[in-house]
Amino acid sequence: IACLVMYLFAEFDDAANLLAANPDATTISIDEPVEIPKNQHGHLQEPGREEDDELLGTDDSDKTELLAGQKKSAPFWTFEYYQTFFDVDTYQVLDRIKGSVFPVPGKNFVRLYIRSNPDLYGPFWICATLVFTIAVSGNLSNFFIHLGKPTYRYVPEFRKVSIAATTIYAYAWLVPLALWGFLMWRNSKVMNIVSYSFLEIVCVYGYSLFIYIPTAILWIIPQKVVRWVLVVFSLCLSGSVLVMTFWPAVRDDNRRIAVATVAAILLLHALLAVGCLAYFFDAPELDIPAPIIPAHNGTTVITKSH
């Protein structure tokens with residue numbers, strides 16, 4: 001103990017001598033918290049870029065990907081690997097649906113809802129519900145349009161279910177795959193581009209399709225003006241979610257490429273909505289020749305049906 005006390009006194013004497021030699025030196029007390037600047041970059045940030053970085057959450061993205069890699073350590077051919085993609089509760093799904101239906105200007109959908117725990121549960125069931133909603137609503141719309149015509153005979157078109165499923169699931173998976181590959185390619189050329197993970201992009205596209213479920217139900221109304229108003233309204237809501245999510249990721253790229261990327265995203269989104277409306281609800285009627293029914297007096301009667 002005596003040796004330890006002598007050593008401490010020696011340390012204090014050395015510190016006192018250094019302070020006497022340089023009285024202008026800055027001293028730090030262990031009781032005072034040391035403030036570290038939040039942004040220690042080698043260059044000055046442009047005005048407003050700090051808020052944009054916070055919106056993108058690049059630092060949190062790296063931490064999230066690291067934690068995700070730790071959680072998903074199981075091999076990809078096992079059931080446990082895919083079980084993590086469906087590990088969400090009802091409140092999270094409802095909160096993400098609400099965020100896709102009521103987008104907040106200036107807020108990033110991935111940053112607010114998806115990045116903490118991206119899932120496939122919501123996108124899968126939203127697409128499945130949309131498939132059956134469009135197919136059933138299209139058959140009901142065709143039935144109500146021809147209701148009351150004596151020559152019309154209702155025949156349910158079950159092939160619309162398979163066509164709707166192929167179209168919607170292809171859009172919800174292939175378009176995000178292409179967008180993810182494009183962002184990865186541009187990220188290798190422009191350092192400031194932020195690349196979302198493929199799961200995050202699928203999640204955004206899946207939840208953005210929810211607005212079309214109530215829209216498809218309202219498409220049963222046999223009024224073209226009402227249907228097109230609903231299409232425009234749905235496109236504005238879901239399209240704004242996609243723009244506010246992917247524009248921050250490409251804004252630092254070449255201006256023409258960034259605008260063309262966002263325009264392509266909106267164009268494909270609009271083609272899906274307009275294509276579903278035109279095929280399932282506004283399809284042209286086909287004239288089907290009716291069978292020839294012989295009359296009792298020897299003449300034939302030909303009835304026309306649609």
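Using N, Cα and C of the backbone, Cβ positions are placed for all residues, glycine too.
Database features, via TrEMBL:
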- 49-59: compositional bias 'Acidic residues' (COMPBIAS)
- 101-273: domain 'Yip1' (DOMAIN)
- 36-59: region 'Disordered' (REGION)
- 120-141: transmembrane segment (TRANSMEM)
- 161-185: transmembrane segment (TRANSMEM)
- 197-222: transmembrane segment (TRANSMEM)
- 228-250: transmembrane segment (TRANSMEM)
- 257-281: transmembrane segment (TRANSMEM)
Could you name the stretch, out of 161-185, 197-222, 228-250, 257-281, with the greatest number of CB pairs under 8 A to the transmembrane segment (120-141)?
197-222
When you scan the chain for residues with a C-beta under 8 Å from the transmembrane segment (228-250), skipping those not six or more beyond its ends, what do you find?
52, 55-56, 99-101, 103, 105-110, 179, 183, 186, 193-196, 204-205, 207-209, 211-212, 215, 218-219, 257-258, 261-262, 265-266, 269-270, 273-274, 277
Short question: which residues 6 or more past the ends of the transmembrane segment (161-185) have a Cβ under 8 Å from it?
123, 127, 130-132, 134-135, 193, 195-198, 201-202, 204-206, 209, 246, 249-250, 261, 265, 268, 272, 275-276, 279-280
